[in-house]
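Colleague: Got a structure for you, written out below as structure tokens; questions coming shortly.
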Amino acid sequence: MKEQRTIPVTKGKTYEIEIIRLGTNGEGVGKYQDFTVFIPYALPGERIVAVITTVKKTYAVGKLRQVLCASPARVAPTCAVYYRCGACQLQHFSYDGELQEKQRQVQDALTRIGHITNVPVLPTLGAATPWNYRNKMQFPVGEDKKNTLSIGCFAAATHNVINVENCVIQKEENNQIVRIVRQWMKDFKIPAYDEDKCTGMIRHIMGRVGVKTGEIMVCIVTACECIPHIKDLIRRLRQEIPGLTAVIQNINTGHTNVILGRKTRTLYGQDTIHDAIGNLRFHISAQSFFQVNSEQAQRLYEKAMEFADLKGNEIVADVYCGTGTITLFLAQKAKQVYGIEIVPSAIKDAIRNARDNHIKNAEFILGDAVYKLPELIKNGVRPQVIVLDPPRAGCGEPVLRAIGRSQPERVVYVSCNPATLARDLACLQTYGYKTERVQPVDMFSRTHHVESVALVSRTD
């Protein structure tokens, strides 16, 4: 019988801990008598003092009390509410340190989860600036304990809304939208929605900025059909935001944490805005998926194009194609591309984007990739290149099995989760594929998230 280990830490007590690395959520990971302790806002190489807040069988969580020996990469956060807001996790880390850590996290996932070694993980492609990059703002609206209006971000692991006056990772136009809406709500006493009581009116504020076009969308998510004094809000937005192109109302009457409801109507201007990546122009609705970092998205797509190594005669399948952004990039250098996507509105956007960009060698297929990719192959389509861009859960074995059976020359895997990337790359190895190299891309600066592009080639 295995001897049960004594847990060396106690909730409420304070300990001195050495930090050895960062965890997947950006928290410091340390050891106390070889027992793992997670401490948010601690950095690798630091010696810190933490009070234990949670104790489990295999790990504990602590709260940082004092930094005894600081990392040279520790910097002062830019945001005034950084330690209360849950949107960013790495503002206390130098940007060079952040990029190196993201490279290490991808390498660690490949080794630890995928058991993949001797594969180059290239230095993370960093942004020209890690600030004011988000072209999409989606802020909850609430009230604090004093019934004061709060518009901003949820505190970490809660639904308490932290009021944010100036979000340092948002485009300034989005911050301006929040200021205008906040003042309008105060002036006319427009009530915020209370998700516990299911009362109130304004649930979320969304802003979308076309970085290349200058077009701006404002979307007000409400719990009811009618918005009092909405004409005054539109007047203020038109006066203060020169690029205002669309004001949208999304109606969400459900007792749910889902942000957007099914019903949307245009209150002013158009129902979409546009943005461009490279030489392609895209429609963006309130519901559309579009990369939140326009500048880094272009670098990501260029890297995917480089790894695809298209000569002009290839057939390409883009699985999980979304609104067709990567698909249309690839179509410019391929003979034919097929995009597969399960979300009907995304397919509709993809078809519209292809038409507006005068791309005629792209075909979009609505359905689950688990069924549609094997069906495509069964119908005689044999892609030389398959591009994967799945959600955080990854592809899963059925899709990878279909790829293995179709035997493309190359697979380009775009991932937002190093753990599922490593798992899926290991699965592809069983079908005769080898991971050539992986390129991390910093799409979400100042947060723990990291995007990666992997090149996988057939070994025969």
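Our numbering is plain: 1 for the first residue shown, then up by one each step along the chain.
Any Cβ shown, glycine's included, is placed from N, Cα and C.
The following feature annotations were taken from TrEMBL:
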- Cys416: active site (ACT_SITE)
- Cys416: active site, nucleophile (ACT_SITE)
- Gln291, Tyr320, Glu341, Asp389: S-adenosyl-L-methionine binding site (BINDING)
- 8-66: domain 'TRAM' (DOMAIN)
Colleague: How far apart, in angstrom, are the most distant Cα atoms among the S-adenosyl-L-methionine-binding residues Gln291, Tyr320, Glu341, Asp389?
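Modeller: In whole numbers, the farthest two Cα atoms are 16 Å apart.
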Colleague: So which of the binding-site residues is most packed in, judged by how many other Cβ atoms lie within 10 Å of its Cβ, out of Glu341, Asp389?
Modeller: Glu341
Colleague: When DSSP states are grouped into helix, strand and coil, how many residues of the domain 'TRAM' (8-66) land in each?
Modeller: 0 helix, 36 strand, 23 coil
Colleague: Cα-Cα, whole number of Å: Asp389 (S-adenosyl-L-methionine binding site) versus the residue listed as 'active site'?
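Modeller: Approximately 8 Å lies between the Cα of Asp389 (S-adenosyl-L-methionine binding site) and that of the residue listed as 'active site'.
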Colleague: Quick check for the class: what is the C-alpha distance, in angstrom and rounded, between Glu341 (S-adenosyl-L-methionine binding site) and the residue listed as 'active site'?
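Modeller: The separation of the Cα atoms works out to 17 Å.
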Colleague: Within the same chain, and leaving aside Gln291, Tyr320, Glu341, Asp389, name every residue whose CB is within 8 angstroms of the centroid of the CB atoms belonging to the recorded S-adenosyl-L-methionine site, in sequence order.
Modeller: Phe289, Asp318, Cys321, Gly322, Thr323, Thr325, Ile326, Pro390, Val414
Colleague: Can you tell which of Gln291, Cys416 has the least company, meaning the fewest other C-beta atoms within 10 angstroms of its C-beta, among these recorded positions?
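Modeller: Relative to the other recorded positions in Gln291, Cys416, Cys416 has the fewest Cβ atoms within 10 Å.
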Colleague: Would you kindly give the Cα-Cα distance separating Cys416 (active site) and Gln291 (S-adenosyl-L-methionine binding site), rounded to the nearest Å?
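Modeller: Per the Cα atoms, Gln291 (S-adenosyl-L-methionine binding site) and Cys416 (active site) stand 12 Å apart.
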Colleague: Per DSSP, to which secondary structure element type does Cys416 (active site) belong, with helix, strand and coil as the options?
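Modeller: Assignment for Cys416 (active site) reads coil.
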Colleague: What same-chain residues, at least 6 away in sequence, bring their CB to under 8 Å of the CB of Tyr320 (S-adenosyl-L-methionine binding site)?
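Modeller: Expected: Ile340, Glu341, Ala369, Leu388, Asp389, Pro390, Pro391.
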